[in-house]
Structures are given as C-alpha cells and as structure tokens.
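**Q** Below are the structure tokens for one structure; questions will follow.
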Amino acid sequence: MARMYYDADANLDLLADKTVAIIGYGSQGHAHALNLKDSGINVVVGLYPGSKSRQKAEDAGLKVMNVADAASAADWIMILLPDEVQKAVYQEDIEPNLREGKVLSFAHGFNIHFGQIVPPETVDVIMVAPKGPGHLVRRTYEQGEGVPCLFAVYQDASGQARDRAMAYAKGIGGTRAGILETSFREETETDLFGEQVVLCGGLSALIKSGFETLVAAGYQPELAYFECLHEVKLIVDLIVEGGLAKMRDSISNTAEYGDLTRGPRIVTDETRAEMKQILREIQSGQFAREFVLENQSGKPGFTAMRRQEAEHPIEEVGKDLRAMFSWLKDK
C-alpha cells in the first residue's frame, strides 16, 4: 500500500532562505506562486517579454522578471510551461543560469523522462505534481486545505532532493491533503495513459459515439446531448466522491443493472488490447516522438484535428443548450 505524507512529514524551513522562480503564470503557475508567497517563501515569476500574464502577477504583489533573469536570481526553478515549449525555453534561458546546487523542478515528467531536457549533474531535479487544476490548488489553499500531490526525485545532487520536493509540496498546500511518492517514469507514463485512454481520449470518443448513435436512430439531438454529455458530470461527481460503489448506490436499479450487464459489451477484449497498445506506444517513446515532431512541423495535423472536432454537431447543440442554462450564465 502506497504511503501518504502530510504536513508533519515535510520541513518548510528548507525553502526559508531560498528564492523560487516560477516560470509561467498560467493555471498552475499562478497557484504555485501565490501559495508559496503566502507560505512565506520569496517568489519571483519568470515571463517572456510582452506576456499578458505580467500585469496579473504584478497586481498579485509578485515580482516579475524575464525568464533568464528569474532563473539566474533563483535558487529553485519550477518550470510550469506547456510541454512543447519547455525545451526551447530551458535551453535558451534556464540552462545557462543553472549553477551548482540549484533545484530544477517540474509538475510533469514528460521532458525529463523522454530526454527533451537533459539537466547538468550538479543540480537536484524533482517533480511536484498537484492532482488538480490550478484554480483548485489556489482555492483549497486559501480555505486552509489542499490538493493531493505526487512528488518524485530524478536527480539528487545535494543529498536533500527528496526532502526538498516534500518541502515544496508543503509550500503549495499539498501536504495538507497528502502527497504520494512516485518516479518521473511512473508519473509520466500513467498520466499520458489516463489522458489518452480514459479522461480525454476515451471519454470524448465515448460521448461522441453515443451522441451519434442516438441521432442516427432518429432521436432529438438535444436529448442525445443531455443523455450522453450533460449527465456525465453528475455521474463523475459521485465517482469522485465515493468511487464506483457510491455511484452505483446512488443510481436507480435499472441504471445499475444496465451498467453491469451492458458496460462490459462496450469495453471488449479488443478495446483492452488497444489500451495495451497505446500504453506500449507511451512506454516506447513513440507518442512522445510523434508529439514533438508534430510541434516542430508547425502542428498541421493537430490544427486540422482541432478544427474538425470544433465542427462536430455535438458542439453546436451544446452551445445552444448551454445558453439556456441559467446556472452557467454567471460563470
């Protein structure tokens, strides 16, 4: 059984006299920066010239610098940029400023695990990955709570890398909820698998296929939207709250019987074989190479797929229906 670590297990004093540079001020960046600041840590934010996030960071009372200056000034660097831009920013602005004894941090292991970023042997390389979006990381911290985190050590130059990772997790509120130790490989491969097979790829394909099946059979698109997309949140909320058991305990007997007897016909042996193939593509680096090359070539296929998905009938139906949802209008 995996062990969870909490506030008493981590020593925030390891960050007390350090300057932490948060590179990027998006969803995770703003949460990490503000939570660390409120934990009494000296924080600077590294942004590229002309960044639209600069004013937001300054309005929050944070010192903003360009990325190279932030990396130079900091003892601790946390890269919170999209995976596809990290390598270029690292090579241009961060690597020249990585002196011995510094800490290089990530919230996802992609670039380290797949060799896009190769750090010098003289720095600690760690990961602290909150298992929730940035707005939740920030909101729960302000409420005196936190979001569970994963933490890992890739390189321990100082002999303190593990303790440092735990201290950082405490600084952003993770140890209030509990943090779980992993490795860069395990986090990266399981994260990609979950995204592709279940959370994003699998769920999106399932929703669209269900919608298309009902519409093709002559049912109103609006009803198909409600049954195959809108109600997903109702079910997922129950699962998150208490697992599959709570969900099944909360739905009707009719729904539960249909779940248990028909669900296995959707995820077949062929589906499971495809899941294993997708996992092999992740483990071998095939997916990573494909993604890197796609971005290096200007994302032509990615852009075309985005355009095609945006034109799917479920998007237009959903747009019209959501306009009538009064509870969404204030968001």
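The backbone N, Cα and C atoms fix where each Cβ goes, glycine too.
Per Swiss-Prot, the features are:
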- His108: active site (ACT_SITE)
- Tyr25, Gly26, Ser27, Gln28, Ser51, Ser53, Asp83, Glu84, Val85, Gln86, Gly134: NADP(+) binding site (BINDING)
- Asp191, Glu195: Mg(2+) 1 binding site (BINDING)
- Asp191, Glu227, Glu231: Mg(2+) 2 binding site (BINDING)
- Ser252: substrate binding site (BINDING)
- 2-182: domain 'KARI N-terminal Rossmann' (DOMAIN)
- 183-328: domain 'KARI C-terminal knotted' (DOMAIN)
**Q** Cα-Cα separation of Ser51 (NADP(+) binding site) and the residue listed as 'active site', in Å?
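**A** That comes out at 23 Å between the alpha carbons.
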**Q** For the domain 'KARI C-terminal knotted' (183-328), give the DSSP counts of helix residues, strand residues and coil residues.
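**A** Taking each residue of the domain 'KARI C-terminal knotted' (183-328) in turn, the totals are 126 helix, 0 strand, 20 coil.
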**Q** Just to confirm my parser: what is the rounded mean pLDDT across the domain 'KARI N-terminal Rossmann' (2-182)?
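**A** That region's mean pLDDT is 98.
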**Q** Rounded to the nearest angstrom, how far is the Cα of Asp83 (NADP(+) binding site) from the Cα of Glu231 (Mg(2+) 2 binding site)?
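**A** Spelling it out, the Cα of Glu231 (Mg(2+) 2 binding site) and the Cα of Asp83 (NADP(+) binding site) are 32 Å apart.
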**Q** What is the number of other Cβ atoms found within 10 Å of the Cβ of Glu227 (Mg(2+) 2 binding site)?
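**A** 14, counting other Cβ atoms within 10 Å of Glu227 (Mg(2+) 2 binding site).
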**Q** Counting across all protein chains shown, how many other Cβ atoms sit within 10 Å of the Cβ of Glu231 (Mg(2+) 2 binding site)?
**A** 11
